[in-house]
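**Q** Pulled from TrEMBL, these are the listed features:
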- 3-92: domain 'CARD' (DOMAIN)
- 662-692: repeat 'WD' (REPEAT)
- 739-780: repeat 'WD' (REPEAT)
- 871-912: repeat 'WD' (REPEAT)
- 953-994: repeat 'WD' (REPEAT)
- 994-1038: repeat 'WD' (REPEAT)
- 1039-1070: repeat 'WD' (REPEAT)
- 1081-1122: repeat 'WD' (REPEAT)
């Protein structure tokens, strides 16, 4: 079978890149194993004198081979961590016909190898014994997931081979092709706390997004809820019908975090874990021991002996090992080196002579202890001490030998020899897919190390452990005294990831503080590992760090995480200059920027950022962990909060002073509520209990599943408490009554303002209304039926009553229903990239507060269906919002561990009016004056940075597209979608209207900068350029310039030329005397959005919608430079979107451009010097002071930026 033409073309296309980068010796081992390369062919390649010659020979050979060889080569690239090169080949992978698969009796085709390699599924162990009956049982269960999501649980004792069986079960072509064409994705779990679990899911999300395209990469999720939603989206939308394998699950908390309605295979020691999740469930039990013949087969493979030739002790050893594959393998590894010790190791297992501290009521670890203890016992004394040093490493973390060479102060080669000894005795795992090899310990190994010589029981154990971690830190500091490693290899990755861990374990708080609160460290770690690991460090070590400074760094990383994922990597100092002035991050950045500026580096400071700092009235950090609920007391003087910390806390609403703190439940507290007289506080929890404090009433096991919400009646006329839960049937209770109606979990319950009705919101897609007096159902609002056009599941998270009791708002997709008719009155359109978490209607007005997963809180007017305000400040998902009883304040709580209090009127008025991006700026010696249109098409003339309003001009009937001050500052000219140009005496309000264009007037320009200039050029979507006398209003010229819309125009400073750019991708250069076109410039691949002459009128810069900037010679129309075409990865030229504006510095050496962000360029080299990332995006114009030191612009969410170059 010849190589497919597409695959052949791909190899030829990327041949040079492959020849430059690959090391054939690493790849050929895998290709020989796959049977696509012979030993003779390998020898011929090896005889080539240089690595590149070997690569050329390998590729020549590959072009003569078939599709199998191409796929094997692709898999080898993945296994050897050439992911970037493998991605070049991925799209042209050949499709192998089913008839070819007959040559693969176990179904493990090259296609399967590719899928499993990309999904991180472990390879078969070196010594592999097939267990077809168990593998087939697992596959049979997996086939049941073909048509619907569900769970397959593989459970059994420690060391029974669950992970190997799970990996083997999916090593089957038919299964993957029929059931999981979206791929198989492996995630190793183990015993984790929440930060570690979050890091695992972040890593999986990044891996999945990276496999799609660069545009899919997003900022890492900052909370488990956000990570769960991101993974749900990826698995259901981007990888439909794929399988997620969760290996070694210990805790149901992990499953709840990964209950995302997809297809999941998990391995665990606890078969009941899936009781906590929903969906179809199937089980496969892995028996506690291998059959004798399988155990004997393992021993035979290790000792390279035929089954018939095994000594009589072999069968006894298998029985003493209780058939555990891991224990048998450990003994087999010992016998491999000492084949005459069969009786010795059998006696050790029989006599159980070693101390053991592990006890379990479920599993018997005795045999496992004996085998591992024997392996350690036979080590030389000096190596046994080194092996104990490995306890300083975290389990399952893979490290290269170089890390231990730093710790042990040995040559790497010497360390590799010692580690090889550990591996040969099954005391250490090795990942041979990497070059150099990576080594790691399993938790079973770690525990056994502690057992040897009673290490764990030693009274000085803690001291020894501190000393060991201290030794790691000190050895690192000595080895890297000139600076942290930045190579990006495995050794560098280990130190950058785990240096903080070792410092914390060694109680080196001062070193930890200095490291983590250093912008240099942030720069290195974010660049090498991304921001997610840094954020996790601040969360994990938060209790031992300065709270305020930690919050500065954590906020900086949370808000800029998406930028820190970009490549090329952004300038961290420049990013940090956008932080608040009182932030430690900003203070460090300013010092570094000033030092850099003194050496000629360009840095930009944001002068007026205080105007967009948080509007929150009060910020409280009451809990360690997510806050799920916060509520006002009815008199408005107190706030109660609860969450993942299991605590209930009460604060003063004015000062945040703590009044009360109790451990309310044994598990996470999901909701809290004050009674109408504020004497009682109710809480409910995932521990299935509802508790009421002050009266010492505890309702235990009132619900069979977790209780999601609780609420008292609004008045004391008849005091009732309503609760709702995940129970299947008895899921809503009001006082002593149980309310029937929902058959899916109920997320929320809410009394009407008069307490006559109770609304309930459920996963069944309905809101039900019950009469409180009778506990009977009154009516059902079927929210799910409103969205028949979508196949996405509709879950109603909560509902809230308007103040008059006539309307209900539900948080499914934020819909407002009429209670009397159940008709939908309106739908509030929300951000498609975020989820609505909660909503609450103001008890005294038409305002509605909405909490989002994108960290935002919004205020909407239900009367006009308009958004009235944004409340920004939270750093993670907002879980709950509530108005105070008088509506004057709003509180919100979040996964960022804060409760924020907002003054309703303040946030309502301060964010109701926002400036549009079309603006002009007048720079004077004493002040800066900005003109910009607002969202009502009024022209606002402002003094900045004070924000003082100087004038408001009314006249245009549609959106204002451009405004410009005259040279003397007395006249303001504007153009609009209404096809007119207006000339204003802005201080008096006098106005002249220029009419003649047939379509919107995008922009205009005065013919020169002279204060007496009265000639104006305007251009429009109608493809024309018109010339006006603004004093008389007369039209002087009418030029048909382009067949399509004109997008920009600029007059050269010497007044001789003007340039036009168009949606037709062309640039035209015109003579101002003859009004004739002298050059037509082509080359842009998209609409040319902007243009600008240099101050010497010798060069023309143009920018297009693909983010590309070109520099042209005005003299002959030749192309001089494409900015950043040769830059790293070519990513600089993308500019985050359209290039919308350009400006040269007075000496024409620098160029500033706007698009998705602002960039400064070296004109001669075409290289980017600096980038400023705004809060919003899609900038339209930038205004530059004459000395090129101050820059003013407005982003798409209306934020004004006054930027200044640091000198």
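Here the Cβ of each residue, glycine as well, is placed from N, Cα and C on the backbone.
Model, not experiment: these values are computed from the prediction.
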**Q** Do any residues, 6 or more residues outside the repeat 'WD' (994-1038), come within under 8 Å Cβ-to-Cβ of it, and if so which ones?
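**A** Contacts with the repeat 'WD' (994-1038): 958, 961-962, 964, 966-968, 971, 973, 975-983, 1044-1051, 1053, 1055, 1058, 1060, 1062, 1070, 1072, 1075.
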**Q** What is the three-state DSSP composition of the repeat 'WD' (953-994), stated as helix, strand and coil residue counts?
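**A** Computed counts for the repeat 'WD' (953-994) are 0 helix, 24 strand, 18 coil.
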**Q** Residues of the same chain, at least six outside the repeat 'WD' (1039-1070), with any C-beta under 8 angstroms of its C-beta?
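**A** Same-chain contacts beyond the flanks: 999, 1002-1003, 1005-1009, 1017, 1019-1027, 1076-1082, 1084-1093, 1095-1097, 1100, 1102, 1104, 1112, 1114, 1117.
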**Q** Mean pLDDT over the repeat 'WD' (871-912): what is the value?
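**A** Result for the repeat 'WD' (871-912): average pLDDT 80.
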**Q** Using DSSP, how many residues of the repeat 'WD' (662-692) fall into helix, strand and coil, respectively?
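**A** Helix, strand and coil residues of the repeat 'WD' (662-692) number 0 helix, 16 strand, 15 coil.
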**Q** I'd like the per-state residue tally for the repeat 'WD' (1039-1070) from DSSP, helix first, then strand, then coil.
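**A** Secondary-structure breakdown of the repeat 'WD' (1039-1070): 0 helix, 18 strand, 14 coil.
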